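Asker: First the structure, which I've put down as structure tokens, then a few questions once you've had a look.
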Ligand code: ANZ
Ligand code: ZN
């Protein structure tokens, strides 16, 4: 019988589905729980190899843990709101909902054809009312706890997609999706106050022991904590002050000009009637259309205009000119900075351009630098000069002294700042969760009462692709009554950023059918945290940070016990073809369908798991796919040829000859290796040791005369082989298990334990002494190193009993002869 993957895979997928093999609940019969989660896909239409990789890795984890005796939750769903559905509607006249549901159907089928062990009863789709009802509930919770607010603000605006973009969606000043130049627009927007959690999000990074360092440092940088001071400067001729934020109060005597963000609300008042008013207004307009990304790029020219206003230096009383400039941002610090050209590169560039003085106040130790000779700013620490009473101090020391001084004099105070901004969640888009707010002329902004959720996304809307969102053009949706006073009111027509939907889906999986609450606390208490989260490193910042924020907020509101969602994180590498990313635009895509059709799902899984360690990029290679397929055929033939020697009781392992021992050695070495490798997700090396074991099996099969076959040894080898392969290639493993006459479902079989005795070759007997007295005899491999001998000795139950409670002073191992353990007490 040949390896007929097509029928085998269909057969087992149907069986798993019919038997509910992966349905799970909290009734665990004392098994420990394990929550294995892969990032859910956007239903773009078809699975790509990146998905196959992500989900194959996750499936090995889930199946392996299940076989190890865990109660495993392994769910799947759809991140199903978002722009592409809407773009398809605009472009091809399709209904976004229909487009989405049909893509989901297609992709669900593809996932099923790969044999992933999901509990499909827990499937969620963020675009379904029963899900977004609770996304809206989340919004309301944040609103009620003062963590959601509306603010007029300049936002990144893509003129082509006609929507607001989050900073992260702007890549090098261009729209992430359509690549057009991003501009700025002034709009009323909804924000989540993630900045309230900045310090905790930062502190708790230390608790994420099972996260890659790279991801932790990306999160740290994104949060961007800095320590410094706020210092107040009086405005010359006005009874008013402006406050700057600086991380370098030690450079205060080096200030030669000041800068205010052009969009700052006081600018209007300051420039009014000034000689440069017209020029300033012109400049403000120009800067508003520059995206933040462009403005903050180091190679963007620093430009500005004098406002006509002077500030008074709080130490020297000097008059300092105030400028508008493109390199100062409204929403960081106070939006006003002190310019110190000698010690800050941006200020240096600006001062050079506008001929502003460069005053050195910190000298590199042992040098006497002159400002005329400087070609760049000196940003490091040194010795203070030109700084009044602080002269001669170490600048680091001066920093603290100056903060203390300004605090005492009431000029300013110590201040911590974060780079992290509040999360802009408004989207002027149709295909998203409506924000559950109405505007009433009398009552103002009113939340839709919880019991009226969900605010349903209307279906008959028009897609022009122009200007406002289709929702705002849909009168039936917009016009409503006020939940408070019953008078006429209008609905909010913005929808939520899809990152909101994906910030809590892992909680919904714990209790997907609850229609009263997003989840029951008892259920999340049982399942959370996610033990292993697996996904692309492209989500290392936003999705993970937002999810951490949601978890903490829900914890604080009393709905969750845990404070961090993901215990361990694995970020898998990309799938490349010829060294570049597989992507439609490059035309180098290998479709999973093609591979499944030609070789079967098991081959696809095996190849992808074998080709590289999970975190590394993987180069697609057609010959290696062939190789994976040939290996499965080789496994198939081995079992096929040897299955007639399978017996039900393999307990008799006495009387083994050298060939038997060799095969057993290979089997148990492999069990040991695969187990250790699976624990550290080193699936490629796990598979290669199974391959070696198959070689050993073939050696036995061909070398030993059939009449000398040891049935116990052969049975053990075949059973082990199939069990070890099961998490990787579950269909063929299930079929071979059945071929061997097994009636159980292999996917529920226990994982294997290796037998130490089998790992010993050509044993010799050594003695085991305690304080010089012979206590036991051990059979060991004569090649064992002294360290290995000691380890073995200490594992001996008899010895453990004898030395129980005593302190081991020393352990001496003489190769091939003896081990002496010296104990005290
Ligand atoms: C004076 C100074 C002197 C500065 C010096 C630096 C070096 P981090 O570390 O990222 O927090 N800054 C403050 N607010 C700003 C804004 N809204 N837009 C642009 N720049 C702003 O950066 C803090 C430093 O960035 C602050 O310290 C300020 O310049 C500038 F030798 O003040 B500094
Ligand atoms: Zn009202």
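Quick reminder: no glycine exception, Cβ is built from N, Cα and C everywhere.
Any TrEMBL annotation is an automated prediction that lacks curation.
TrEMBL feature annotations, pasted as is:
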type	residues	note
DOMAIN	40-184	domain 'Methionyl/Leucyl tRNA synthetase'
MOTIF	41-51	motif ''HIGH' region'
DOMAIN	221-406	domain 'Leucyl-tRNA synthetase editing'
DOMAIN	420-620	domain 'Aminoacyl-tRNA synthetase class Ia'
MOTIF	581-585	motif ''KMSKS' region'
BINDING	584	ATP binding site
DOMAIN	660-784	domain 'Methionyl/Valyl/Leucyl/Isoleucyl-tRNA synthetase anticodon-binding'
Asker: Short question: which residues 6 or more past the ends of the motif ''HIGH' region' (41-51) have a Cβ under 8 Å from it?
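Answerer: Residues packing against the motif ''HIGH' region' (41-51) from afar: 78-80, 82, 84, 100, 103-104, 106-107, 110-111, 114, 536, 574-575, 582, 589-593, 608, 620.
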Asker: Return the average pLDDT for the domain 'Methionyl/Valyl/Leucyl/Isoleucyl-tRNA synthetase anticodon-binding' (660-784) as a whole number.
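Answerer: Residues in the domain 'Methionyl/Valyl/Leucyl/Isoleucyl-tRNA synthetase anticodon-binding' (660-784) carry a mean pLDDT of 93 in this prediction.
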Asker: With every protein chain in view, what's the tally of Cβ atoms within 10 Å of the Cβ of residue 584 (ATP binding site), excluding that atom itself?
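Answerer: That number is 9.
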Asker: Mind tallying the domain 'Methionyl/Valyl/Leucyl/Isoleucyl-tRNA synthetase anticodon-binding' (660-784) by DSSP state, helix then strand then coil?
Answerer: 76 helix, 15 strand, 34 coil
Asker: Need the DSSP three-state call for residue 584 (ATP binding site) to compare against my parser.
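Answerer: In three-state terms, residue 584 (ATP binding site) counts as helix.
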